[in-house]
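Trainee: Annotations for this protein, taken from Swiss-Prot, read as follows:
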type: REGION; residues: 1-21; note: region 'Disordered'
type: DOMAIN; residues: 52-107; note: domain 'bHLH'
type: DOMAIN; residues: 142-175; note: domain 'Orange'
type: CROSSLNK; residues: K167; note: SUMO2 cross-link
type: REGION; residues: 182-257; note: region 'Disordered'
type: MOD_RES; residues: S235; note: phosphoserine
type: COMPBIAS; residues: 248-257; note: compositional bias 'Basic and acidic residues'
type: CROSSLNK; residues: K279; note: SUMO1 cross-link
type: REGION; residues: 279-298; note: region 'Disordered'
type: CROSSLNK; residues: K279; note: SUMO2 cross-link
type: CROSSLNK; residues: K288; note: SUMO2 cross-link
type: MOD_RES; residues: S383; note: phosphoserine
Amino acid sequence: MERIPSAQPPPTCLPKAPGLEPGDLPGMDFAHMYQVYKSRRGIKRSEDSKETYKLPHRLIEKKRRDRINECIAQLKDLLPEHLKLTTLGHLEKAVVLELTLKHVKALTNLIDQQQQKIIALQSGLQAGDLSGRNVEAGQEMFCSGFQTCAREVLQYLAKHENTRDLKSSQLVTHLHRVVSELLQGGTSRKPSDPAPKAMDFKEKPSSLAKGSEGPGKNCVPVIQRTFAHSSGEQSGSDTDTDSGYGGESEKSELRVEQPYFKSDHGRRFTMGERISAIKQESEEPPMKKSRMQLSDDEGPFTSTDLISSPFLGPHPHQPPFCLPFYLIPPSATAYLPMLEKCWYPTSVPVLYPGLNASAAALSSFMNPDKISAPLLMPQRLPSPLPSHPAIDSSALLQALKQIPPLNLETKD
């Protein structure tokens, strides 16, 4: 019979083969094959963790439900009473949540309205009218209302002359009546009426004061030139005008008064003629002239200075009295050019009006030593330019005698 080798035990004489270790086989690594095998201890631990997880999950769910119920109970307590009365019976959880949602929406709408009102107030608009009104429109409305109130007060006070008997209650009732008429749209009073006589009431005290004073009380006496007919008065008036008082402050007051003034003789003359008689001082200092300009103007005195100067200027209403050429004798015409340079700045001097001394004038031309003091021309202030030296009269006459006389024929 044949034996089955699997049923027979191995012979004991054969030695046991030693186990192979990884270090015995060089070049071969079996470390990656070790991970395939798992220990039974890890499997047992995972099963134990599942069993232990079920217990805390139940506790967590229980706690979560408890928190939900507690929050719903608090919402139920916080709901207003009018919302609780809308439902009958017990308030379920779903009903409490619905009422809470409704109440929150109402509060949100209210907050939105309040925000709009706050924005309107910050931008200067009225709470009821949020369309196109700006700050300027509000200011104009305030000013128009104030003007209307002031106009009514002034008109009411103007009707009652005796203000002592007037009471404040009467004025208040009058203003209330006017406001009611304006609100009703009465045609008798319109806010667009012309402004009242407010300015008239304000200007009445000042106008009355001016009227009581009269035109002459505001006038201050101004030092003016008085054209006298005698030499003594004329010499005394020269010192008055040189006092340095120019009357600058009175010019503005005189311009406010009447444009025409009456003189002592009843003649009317304008403001310009009256101011021309007042001494005026130029604001800018006079410009210095060179010698060439001085020779062109014929010495230190010019014809324009003599005409416009207050010393030799004629009366504004009387023509100047000039000495004609035919009154000068032929003998004087010979040395007349020298007299122009030495004594007289112009060939024809201007005399004061009303001077009844034609013969005296001729004698003064012939004899310069006998010229009276009032008829002498005033000298200007000393200028830096060199002036012509004065010549003695005796030396002048001797020099003139040596000059041959010119054959000049004059008219009758």
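Glycine residues also receive a Cβ, built from the backbone N, Cα and C atoms like all the rest.
The structure displayed is predicted, hence computed values, not measured ones.
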Trainee: Pull the DSSP breakdown for the domain 'Orange' (142-175) and write it out as helix, strand, coil residue counts.
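Mentor: Split into helix, strand and coil, the domain 'Orange' (142-175) gives 26 helix, 0 strand, 8 coil.
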Trainee: For K167 (SUMO2 cross-link), which residues in the same chain are close in space, meaning a Cβ under 8 Å from its Cβ, but six or more apart along the sequence?
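Mentor: Same-chain residues close to K167 (SUMO2 cross-link) (Cβ under 8 Å, separated by 6 or more): none.
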Trainee: For a three-state summary based on DSSP, what are the helix, strand and coil counts in the domain 'bHLH' (52-107)?
Mentor: 46 helix, 0 strand, 10 coil
Trainee: Find the average pLDDT over the domain 'bHLH' (52-107) in the predicted model and report it.
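Mentor: On average, pLDDT over the domain 'bHLH' (52-107) sits at 89.
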